[in-house]
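Here the structure is laid out as structure tokens; the discussion comes afterwards.
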Amino acid sequence: MNSFSLVMDNAESRRLLNVKLTSDLVQGTTLIELLYPTLHKFSCLLNLKFFPYDTQECILTFGSWTYDNTGIDYKPFGSETTGIGLHHCLENEGWLVLGSYVERRVMKYACCVNNYTLLEYHLQIQRKPLFILVNLIMPTSIITLIAIVGFFSTSDFSSFTTNDSQTTSGNSSGVVTARILTLKSV
């Protein structure tokens, strides 16, 4: 096995901080490792039947749109069932990763002569209910309680400043509640 590093022009070297190529001349294969930090954002359909005690399964599909499996043939690193390695990942505040596994799929499309290889990573996650309680339910409950107390507090109708302070307090608590809900929904 030969191991060497790929040197690219300045623009590419800034984008790909480090690339490791390992080639096996006997089998005619090359292992390409992109060794740079990434942040992957993805979305999946959620089943909220048991919210906030729900578990979800998200499927992440990796493949090439340009090259068929004669150009790029994807294979999972390690054994066929090894999932996502999480030892270098940061723990999420709202979700707990229960497990993961990978499936290699060879797809035949009607448009193309050759097959395409896809890697589907299945990620099982569970919501942390305490996160919802502390960050959503408690703040909105406190602000709502302040609004109710401000609404039902007694005031002297001859004094304009007391009525004005009640209105300001009610409006402020409504705006704060809407802002908290907006921030948490993002």
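Note that Cβ sites are derived from N, Cα and C of the backbone, with glycine treated the same way.
As recorded in TrEMBL:
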DOMAIN    10-129  domain 'Neurotransmitter-gated ion-channel ligand-binding'
TRANSMEM  130-152  transmembrane segment
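In the predicted model, residues of the domain 'Neurotransmitter-gated ion-channel ligand-binding' (10-129) average a pLDDT of 80. Using DSSP to sort the residues of the domain 'Neurotransmitter-gated ion-channel ligand-binding' (10-129) gives these counts of helix, strand and coil: 7 helix, 46 strand, 67 coil.
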